[in-house]
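A quick write-up on the structure given underneath.
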Amino acid sequence: MGDARDNEAYEEELLDYEEEDEKVPDSGNKVNGEAVKKGYVGIHSSGFRDFLLKPELLRAIVDSGFEHPSEVQHECIPQAILGMDVICQAKSGMGKTAVFVLSTLQQIEPSPGQVSALVLCHTRELAYQICNEFVRFSTYLPDTKVSVFYGGVNIKIHKDLLKNECPHIVVGTPGRVLALAREKDLSLKNVRHFILDECDKMLESLDMRRDVQEIFKMTPHDKQVMMFSATLSKEIRPVCKKFMQDPMEIYVDDEAKLTLHGLVQHYIKLSEMEKNRKLNDLLDALDFNQVVIFVKSVSRAAELNKLLVECNFPSICIHSGMSQEERLTRYKSFKEGHKRILVATDLVGRGIDIERVNIVINYDMPDSADTYLHRVGRAGRFGTKGLAITFVASASDSEVLNQVQERFEVDIKELPEQIDTSTYMPS
């Protein structure tokens, strides 16, 4: 099987796109007149039923515990299910994935042996997660099959899957999808829905953009194209639109302000030598469901995790130095709640949804305001409360913190001696 859940026959990990330096120019506030810009609205009076979705989808939505669409779902789904091209920027945790999952499942008419929808994303973890969302929402659509394809898995497994039980929806990373398409194992001639998640990450990397373009040219001219991301600079938006025909543009709470709903943000000034002791104190003092601790390198992730385990903290780490099989096993272990602390590099900084995470600690300062946005967006997702704490240990750290505050017009205060649990812990 090519599905990530089968965890078999993994090869050595291939080149990782996700650890590339991220250089995203500042976004301006102004977008063209077609764009939709609104502030955060927690609960809309209208429900998912108002979108006239299939009963099978509504049933799966109820099973998942969703009662009301988020703002981005409210803005996007009615147009997306009509087949319109969509480009959407909305901050982390606002339910962008469900927009294209539900819209695709609503429209798809599965035909045996034909791939109708293609979803591309830049990391294997994100591909695995998106595939699971399709599986979750297609519970009552048994004829619709979805599979995930990415590097690090023996390509023969993927070829056999496509030959024996071709899925209707393919989720994957550009490199592996292109390899399968070039060798004629994966036919894209019937694709009706072409989706890029975290599109800026793929289109800013020239290598990945070339792969995406080549894949795009293998699909029919007449298809729906949807692109989503938490960060879309003014410079990358025209690149996105080259793939589209008169897209509907939705910029929910455009990036001028970082107002992640319910997220409390603080910093701590300290020396490099004081970080371990302070982290230990925080983990003892704070109430948390699960916490993600971000560091700047593979070696620091491994060392810090070892230290935490020695101090009897329920910690696990994920970084790009591991085999894909090991990374996936650890990700599943954390997501399922077997461990409460995750030490990670920026590999986990984009797109990974774990609902129980309510605290993010930047043990090492991120390298840019964009990276900060993606990291702290791991806490307080789905409109729940959360806390982000950033260690500031140098002049360059202070500079990045100032950039974050200026760019997102947010006032990040020093962590007080006492912090009210109710401000960051879901009730």
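Including glycine, each Cβ sits where the backbone N, Cα and C put it.
Feature annotation (Swiss-Prot): of 46-74, 162-190, the stretch labelled motif 'Q motif' is 46-74. Model confidence over the motif 'DEAD box' (197-200) stands at 92, taken as the mean pLDDT rounded to a whole number. Here the binding-site residues are SER92, THR97, and the one with the most other Cβ atoms within 10 Å of its Cβ is SER92. Under the three-state DSSP scheme, ALA90 (ATP binding site) falls in the strand class.
When other Cβ atoms within 10 Å of the Cβ of GLY95 (ATP binding site) are tallied across all protein chains shown, the result is 22.
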